[in-house]
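Novice: This is the structure I want to talk about, given as structure tokens.
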Amino acid sequence: MNTTGQEQEQKSLFKAKQLLSVLSAQSASTFANQVIALVVPWLVLTRTGSAASAGTIAFVMGIAALAGTLTGGLVTDRIGGRRVSALADGLSLITALMLAATLWLDSFSLWLVAATQVLGVFFDGPGNIAKSSMVPAAAEKEGIPITRAMGSSQTLQGVATFVGPITAGLLIATVGEANTLLVTTVLFLTSIVLVARLPKQVISHDRPMTPVQVYRDLRDAVRFLIKEPFLGRMQLVGPLMGAVIVPISALIFPAWFVFGQQDSRALGTFLGAGAVGGMVGGAIFAALAQKLPQRTWLIGATGLYGVALLGLFFLQPGSIPAIMVSFVAGTMMSVMFAVPFTAFYARTPQHLLGRVGSLGAANGALFGAVASLGFGHLINNVSAPQALLTSAMIMGGIAIALAALPFVRLLDRPTETAEPAAEEATELILAGDSR
């Protein structure tokens, strides 16, 4: 009986066309962004030899991500995730083509890389928020539990994250950076097509979009976070995770490999191993999320991720043990994302998802940007392994804090939530639904 129930639940997931379209669009966009995430630091590090320059680029991109996520949440709540996702992917496609064109013309310059990436990252934020905001509605419509939807999301994006860096490493080594960027345009186009298949959204608001209304919209989200007993306090801890997670893949790992005299294929394989771990972590969480307290999942994954980074400090980039540790780190990171995201979707009202999500992402982007600048100078003045050691110490401190802070226990008390503020009547109607 139990096996039959599991088979029926798994079968319903494969029949959930809307949810699969959203998750597939997320994966295609993630794939493209992972390719770009390897190309850009590789370009800067190999052509300038300066980790400080790479850190500066990461800092500027982080500030752009901050602005993009803030505006992305507002726009998503106003016009709907479907439109914002397609628009963001289209604009990201254009910026990828712009950078590829400059490389084809052999006119590399640091300011041009910064300009194209600022634009690209600015549009990525709204696109990611838009796709994420469509997950709970699609899961509910298809009758899929949110924990299963989130676990599946982590698994599918893990596939994209696995394929992305490996593909980028191989393509850079064989056809160059410019042609590698061309692949990302196809992926962004795929995401646009998948989202276009979703039902149209018609969203009506009592008040038009004005500067005053923008302030009120953000104020509603801030008030909700202040009252929400878990999500509000998590805004103090989550950004500290961003201070490690953002620069670790955008700067520290690439610098570790470049200055360790490793090629792009070795870096791609290393990052790909982490992505495989992410797939495994997502699958484990989807299947076993209810078997252990959510607090245990979060604290355990955070602590083990710090241990994995500490292990890398003692290893050589490109070595088999380093690849194995990367797999473990990826597994833990997947769970680290899945637990708070599940709480976010379960605790946040639908009409506030975009704004609340953008505030959290903006905090992480800000801390990640500042940390990237600092890590760039640390690598330039000391070494990449020292940056790994520093990251491990930060993650260990966060794990200890999560174990000690009382509010983390609310992860396993989902009924203790804030009363949603509803100053504005927002109505979301999926085209084709009867009222």
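Glycine is no exception: its Cβ is also placed from the backbone N, Cα and C atoms.
In TrEMBL, annotation is done automatically, which means it is predicted and not curated.
Per TrEMBL, the feature domain 'Major facilitator superfamily (MFS) profile' maps to 18-415. Residues or ranges marked as transmembrane segment by TrEMBL: 20-45, 51-75, 87-105, 181-199, 236-259, 265-289, 296-316, 322-345, 352-375, 387-408.
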Novice: Counting only residues 6 or more past its boundaries, what in the same chain has a CB within less than 8 Å of a CB in the transmembrane segment (20-45)?
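Specialist: Those are 13-14, 51, 53-54, 57-58, 85, 89, 92, 96, 108, 110, 113, 117, 120, 124, 127-128, 131-132, 134-135, 138, 149, 152-153, 156-157, 159-161, 163-165, 167-169, 171-172, 177, 180-181, 183-185, 187-188, 190-191, 194-195, 197-198, 249-251, 254-255, 258-259, 264, 267-268, 271, 275, in sequence order.
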Novice: Quick test of the contact rule: Cβ under 8 Å, at least six residues beyond the ends. What residues does that give for the transmembrane segment (387-408)?
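Specialist: Here the qualifying positions are 229-230, 233-234, 237, 240-241, 243-244, 247-248, 251-252, 255-256, 295, 298-299, 302-303, 305-307, 309-310, 312-313, 375, 378-379.
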Novice: Could you tell me whether the transmembrane segment (265-289) and the transmembrane segment (322-345) are in contact, taking contact to mean 3+ Cβ pairs under 8 Å with a sequence separation of 6 or more?
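Specialist: Between the transmembrane segment (322-345) and the transmembrane segment (265-289), contact is present.
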Novice: Can you name the far-off residues of the same chain, 6+ from the ends of the transmembrane segment (296-316), with a Cβ under 8 Å from a Cβ of it?
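Specialist: Result: 241, 244, 248, 256, 260, 281, 285, 289, 322, 325-326, 328-329, 332-333, 335-336, 338-340, 385, 388-389, 391-396, 398-399, 402-403, 408, 411.
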Novice: Per-residue pLDDT averaged over the domain 'Major facilitator superfamily (MFS) profile' (18-415) comes to what?
Specialist: 83
